[in-house]
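Input: one structure, supplied below.
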Amino acid sequence: MLKLFTSHHVTSRLRNRSSHKLARRAFLTTLTDSKPTDTVSAKPCIDDCQTVVALPLLREPLIPGFYMPLYVKDPKVLAALQESKSGQAPYAGAFLLKDDKYASTASSYYGFETVNILDKLKGKELLKKIYQVGTCSGYIPYILSIQGKQVILVGRKRLQITEMVNRNPLTVKAQHIKDKPYDKDDEVIKATYIEVIGDSNYRKLAEFLLQKRRRNFTGLRAGIFDATDFNYQKLADFGAGICGANKHKIQEVLEELDIHKRLDLVKKLVEITKIREFHASIFPVTYATAEDKKEEYGSAEYVKQNRLSDTFRKRIEPIKEKIPKHVLEVIEEELANLDRKEYGFGSTDSIYSYLDWLTALPWGNCSDENFDVLRAEKILDEDHYGLHVVKERILEFIAVANLTGNPEGRKIICLSGPPGVGKTSVARSVARALGRKFFRLAVGGLSDSSEIKGDRRVYIGATPGKMVQCLKEVGTENPLVLLDEIDKLGNSCRDPEGALLELLDPEQNAHFLDYFLDVPIDLSKVLFVCTANNIDRLPGPLLDRMEVIELAGYTADEKMHIARDYLVKIVQRKCGMKPEQVNVMSDAALLSLIENYCREAGVRNLQKQIEKIFRKIALKLVRQQASAKAAMVDLESSETAAEGSIELTNEYLRLADVLKCDERKRRDSSHSCQKNNV
Ligand SMILES: Nc1ncnc2c1ncn2[C@@H]1O[C@H](COP(=O)(O)OP(=O)(O)OP(=O)(O)O)[C@@H](O)[C@H]1O
């Protein structure tokens, strides 16, 4: 069983080169059971060994086939081990402590044990605290010498304590316990074995855990996991040794002598480990806390309580009633799928992104529409001059909605006209008048239906189409969507027209199917407004479904009104100028501008020219303000200087007076003195 062991496993454990060499030799000679060397031939058979020093283990039981470094501080234990290595009984018994409190104070280095904290526990007291089933283990270097205070235990066979022989160090009589005989051809055992071995994740997990936990299994070739090396017992022990489960659970595996039951127990522990490792990779911080608690099933529970799917469950909870039944079914299905993948190491990315889109749509959320015709009329007049036909049509729409209480959102309005006549801006103000959210979708140059209908989920980096993106962005089911420049659709074999038709057709768009979402969504509440410069270029089927409103170019007189009442005010505001700061351009100036510079049908160029003029005025104003400030500063500084000189002069005069007065006093006093002397 142990002949496949290599030096690699040992070297990582030993501290210096010499101990490494010694240990290597020791292992190569010790573990080759089938080819005993001279030294080995002298050692007693393991089955003859009935009395062993009992070493308490803090963190986990020693599983046969694994080895475990152990620090021994108690000199009596060390002496007993020294004595036993001389050949009488070169084995020790390793028994797990039942109590958890010692484990928390043990060495932090995983897999290393220390017994010094158990110094006070002796004899029967210690016997009571350890499990009675443990592992008979050889220890390294039992042939040569004990390296300092470290012993490396190599798990060999299961052992059960029968009685205490010596109190200090605890020495016990023990009997070797054997696995229950089993039928190798038993279908259930075979099936369980295949289930564990056949799991592709098991191999990855085993290699990962071996590396991560720095566990060494003596049955492995240079760290290469080879499941075919195992018989049923070995596989069960191997799983128990690597799973890193709760120590009591591993002890259960150690104590289980029925191979079928042991395999079953290990299968469960490995499953739990998968969950823990996966969860640790996603939530390392929270996992660390859970790990600290050392509650194996507790942390599995923790994972359950913090599933990825919970984010989506929380998100849909308040709107569950409003989500259509067929969509809800898909969401539930995908949530279950996400849970399954999460627990099984599968990739959750695509499901996560799918659910992220599907649950973020504004199911049943509509903005409150305002069907007040007078208010709408006021807003439309506020934003645009003229355009009576468009305004009238919108007011009709609102009036019908007012009477029926149901907006006829299924109409498609197409505003057609030359550039700059206000098609886009009027659509924006219609949305404002109706109280709907506004979304502009530029379809000019669109060449692929996937831009409207999304990509199928099978493609990497697939995303939904523009319409789904629009709904997510606006957050309501009834926005006003402007399909700008619909007459400039790209020529492509990928049929963007077909996709647009499906989007706009009132008969179809109540069940619009986005390839990414793959569930029909209702777009019937969306008010579509299209713009086109030339409706002759529109595909027949599309044009057929639209209500076209022509916006002709403006006359010079209309442009005058637009410029004076709208454009000048807008531009002035944009340039940050107050009305009192600038004289409104005279009608003559505006007319000259319109007639000489802006002869096109729309007013976009007129707006640009007005902006140009206002920028020049802004520059002049700022320059004037700057020079006025500079002049003020000059003035202030000259005034200060003058004031300063006056103050100085006054001070000088005051001082001169004081001096004169003093001189006079001094002269008077000297004069009187002379008089007295005389
Ligand atoms: N009747 C109007 N009253 C007030 N402003 C107007 C009017 N018509 C156009 N405008 C202004 O002219 C500018 C250009 O308008 P807009 O961008 O809506 O033109 P368009 O018809 O959509 O042009 P294009 O076909 O090039 O997209 C906007 O600032 C808009 O406010």
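Just so it is clear, glycine is given a Cβ too, placed from its N, Cα and C backbone atoms.
A TrEMBL annotation is a machine prediction, not a hand-curated record.
As listed in TrEMBL for this protein:
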- 52-274: domain 'Lon N-terminal' (DOMAIN)
- G417, P418, P419, G420, V421, G422, K423, T424: ATP binding site (BINDING)
Around the C-beta of G420 (ATP binding site), how many further C-beta atoms are within 10 angstroms, looking at every protein chain?
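I count 20 other Cβ atoms within 10 Å of it.
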Once near-sequence residues are set aside, which residues in the chain of G417 (ATP binding site), 6 or more away, have Cβ atoms under 8 Å from its Cβ?
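Within the chain, G417 (ATP binding site) has Cβ neighbours under 8 Å at K423, N533, E550, L551, A552, G553, A601, G602.
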Among P418, P419, G422, the binding-site residues in question, whose Cβ has the most other Cβ atoms within 10 Å in this structure?
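Max Cβ neighbours within 10 Å, all protein chains included: G422.
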Within the same chain, and leaving aside G417, P418, P419, G420, V421, G422, K423, T424, name every residue whose CB is within 8 angstroms of the centroid of the CB atoms belonging to the recorded ATP site, in sequence order.
L415, T531, N533, L551, A601, G602, R604
Let me know the model's mean pLDDT on the domain 'Lon N-terminal' (52-274).
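Per the prediction, mean pLDDT sits at 71 for the domain 'Lon N-terminal' (52-274).
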In this structure, which of the binding-site residues V421, K423, T424 has the fewest other Cβ atoms within 10 Å of its Cβ?
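Per-residue Cβ counts within 10 Å for the binding-site residues V421, K423, T424 bottom out at T424.
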Where does K423 (ATP binding site) sit in the DSSP three-state scheme?
helix
